[in-house]
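Pulled from TrEMBL:
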{"type": "ACT_SITE", "residues": "H644", "note": "active site, proton donor"}
{"type": "BINDING", "residues": "H644, N645, W646, R647, H648, D685, D796, Q849", "note": "AMP binding site"}
{"type": "BINDING", "residues": "H648, H684, D685, D796", "note": "Zn(2+) 1 binding site"}
{"type": "BINDING", "residues": "D685", "note": "Zn(2+) 2 binding site"}
{"type": "COMPBIAS", "residues": "58-69", "note": "compositional bias 'Low complexity'"}
{"type": "COMPBIAS", "residues": "85-96", "note": "compositional bias 'Basic residues'"}
{"type": "DOMAIN", "residues": "568-892", "note": "domain 'PDEase'"}
{"type": "REGION", "residues": "58-96", "note": "region 'Disordered'"}
Amino acid sequence: MDLAQSSVEEWLDSHPDDMQDYFLRHADVTLVNKWLVAHGFNQLPDFPAPIRNSSLTNLSNESSNPSSPVDTRCNDSGFFDSSRHQRSNSKKHLRHDYARSKKRNIFRTYEPNGGESTLESRRNSLKEMRQFRSLPPTSVNLLSMLIQSKVRLPRYPSKDIDHKRELKETNEKEFFLEIVKDISNELDLKSLSAKIVANVSCMLDADKVSLYLIEGKAAGKQVLVSKIFDLHAGTSIFPSCTGDIRVPWGQGIIGHVAETGETVNLKDAMKDPRYNDELGKITGYQTETLLCMPIRNADNEIVGVAQALNNNKEEGFTQEDEKMLATYLTFCGIGIHNAQIFDAYSKEYDRNRALLEVVHDLFTEQTSVDHVVLKIMQRAQSLLKCERCSLLLKDKESNSENAFDKIFDLAYPMKNGHSGNRRRAVTRQETLNGLHSLPYLNSDRDSSLRVTSKIAELVLLTGETINITDASQDPRIEHEDETVKGIRTRSVLCKPVRNRHFQIIGVAQVINRIDGLPFDDHDDLLFEAFAIFCGLGINNCQLYEQVSLAAARQAVALEVLSYHASVPQEEVLKLKEKKLPDIQELKIMEFTFNDFSLDNDQMMQASVIMFNDLGLSKKFRIEYETLCRWLLTVRKNYRNVAYHNWRHAFNVCQVMFTILKHCQCKNYLTDNETLALTVACLCHDLDHRGTNNAFQQKSSSALSQLYGTSATLEHHHFNHAIMILNSGGTNLFGNLGSEDFSEVTKLLKQAILATDLSLHIQLRSKFFAMVDSGQKVFDDRESKEIVRSVMMTTCDIAAITKPWEVQRKVSELVITEFFDQGDKEKHELNIQPQACMDRDRQDEIAKLQLAWIDGICLPLYKSLVQLDSAFQPMLDGLLDNRSRWERLDAERLSKHAILETGV
């Protein structure tokens, strides 16, 4: 049974049309009521038996497009017609009751775009929400969720007009309470107007009722507007294509009541001089009695006018009718005031949503000015509902202050939902002296821009907003072009566009609201925001273009550098074909190695021997030619400075090689770490400029701007090493797997950055603590990283441990570099250099060397000996050199004493 039921349900789900048809043919009211209760709706009223058992097919067809909670059907002339609202027990009447009952839920969600709160729309909303939750959390999806309105409004289910008429006849107090509750929670102005019209018609038993609301608060800008098709007698105004009917302030009976606040009650309206019979002549409708009354809010301000025509009493509208209407309109005034506030909120919500979408566009599209501007213009045109939106960018190279070099023009969609937009980049030769002088602007669209060209030029010159409400009366509009091309410019709103420095870079303008009205204060404020965002978008795109251009220049520079930094193939072959000497002959496994004993070619061969002897070439399948080319390229990329040159790099690598051969450190390291340390030693000072990190920061050099002020040169050395490894034929890591390649590259970076002395000072306390604790095994990540960093520093400053002849010569080279930097600081930066870099204090070299040994070197090498006795030769060499520097310093002090005493 379960299997059969499952099969039936599966078939119904796959055939929704057949399932709906079956339900409509067989479901009764009881089943429908169960469904309504289960989904939170009111039940249907109790139908007569013949109706209850009848088919629901026709009912469904009617309910698929349910009517408004208040029936506001009009007669042929457009008035609200009470004669159509007679009580009926017909099937049609019952179908409408059923359709209305589907909308009688307690809450509804307000959608500023006018979404219907029907069951189908709620189903679609839930479906969309489920789809949204299944989407990845991209910025577009998150933004869609953010800009959805979360406001839920209470709603009172409106009774039909027949029920109200029955209440009026049987219980006036209950009737009045009902029509007050009917409007109490309605915040949509159009729906509220319809309810008020229906309720007033029922209350006064009037043949026709009309309602007008006041728009505009400034004197001279006030107008009466009806939101529904409720034509009235007493004015010559006809419904417009937009659905609003507008009455000028002070004209006709309605305008008079709005202006004066007086109540007008006429028994023979056609005899009143304020009455206009044009509508009656056209429609054949005769107006006899008339009651027109202002609607005031809680602050006693007039917010609208209600007018009733032709009641069924012989004496016309009585004093009792006036009193009853005035009482009801008091509640209507409060409701209208609340609805107007909510309408303002809705507009503000739309505005904020549009601006949020513009911000999103700015951050997601920064690669092209054209794309950014077009997106912003499309949103501006859509929200402002104007016929065209244009942006004219100022010509920076022209001598004229009102010349444009680029035009973006977006026309209103004409057909098939496609926009007739056009974008154009215009040269200065074409623009000449302004938009109006463009020789090629000969199409209808271009002519419309020519019409407003003087306005755009004026805004560009003055920086002031121009809002023209009636273009036909403005002399700045080129009316001749309008006559020739049949273009009609009704209204123009034009604003300057500024960059982040508040400089005017262009002009944005919108032309002709689609509804025919001029641009109001709300449009002005909204377009101001769009102009600001347009300026920001253009500025961001220009910055992006500058960054892209700089990146392209950098790529070209790197390509050129890579080409010139590479070595000729002849040199590679020469090194490759040379026979390698014996390792013992080169003496590169001794701590007392003479840093100046080998020439350039011998250092190349010694480097190859170190790679081979450590097993790196075989382990990592490094081709011999690749190794030779890489070594020659690294040597070529060292500058010809006094100390931090290729010889220093080789000497550091030689010390690392000796440590790896004689000390226990090799046991702590993996093959990847050994490779990284060896490569790091040879690359750790690549492209050194002979000045330190402090100088880079003081001089605000390009390196400090690129890498920051922390380990500036070390970052540059690493990036230069990577550039060489990525060049053709010099990739030592080419045969490594992806994981090994990533690990070795990371280790290489750590090793090169470790040669920054400031980092060593931060780490050495941890290293000393590890050694003092007797730790001999370094197998965790942190301790191994500390050991590797200490090894790099040990090798980098190892010249202080070499024999005195070598140490003295190295110190002279270091001092030469230091003095050169000190001279630059004095003469170029106008600052006093440190003592070790001041040429005027060169007699203090021995003293400074002692401070260097005691502060940095001696604690390090003592700790290394404590860790491994194999480091003892380095400590011995250091102590011997210290004693020699101490004697030199003593001689200096003795000379000073002699000079001071004169003995």
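Note: Cβ is positioned from N, Cα and C throughout, glycine not excepted.
Annotated features, which come from TrEMBL, shown on the structure.
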| residue | record | Cβ contacts under 8 Å, 6 or more apart |
| --- | --- | --- |
| H644 | active site, proton donor | Y638, D685, H688, G690, E817 |
| N645 | AMP binding site | Y638, R639, D685, H688 |
| W646 | AMP binding site | N600, M603, V634, R635, Y638 |
| R647 | AMP binding site | D595, F596, M603 |
| H648 | AMP binding site | D685 |
| H684 | Zn(2+) 1 binding site | A649, V652, E714, H717, A751, I752, T755, M792, D796 |
| Q849 | AMP binding site | S811, W885 |
Quiz prompt | Candidate with sparsest Cβ neighbourhood (10 Å radius) among D685, D796, the listed binding-site residues | solution = D796
Self-check item: Max CA-CA distance, Å, over listed AMP-binding residues H644, N645, W646, R647, H648, D685, D796, Q849
Solution: 24
Quiz item: Which chain neighbours of the Zn(2+) 1 site, leaving out H648, H684, D685, D796, have a Cβ atom within 8 Å of the mean position of the site's Cβ atoms?
Solution: H644, A649, V652, C681, H688, T755
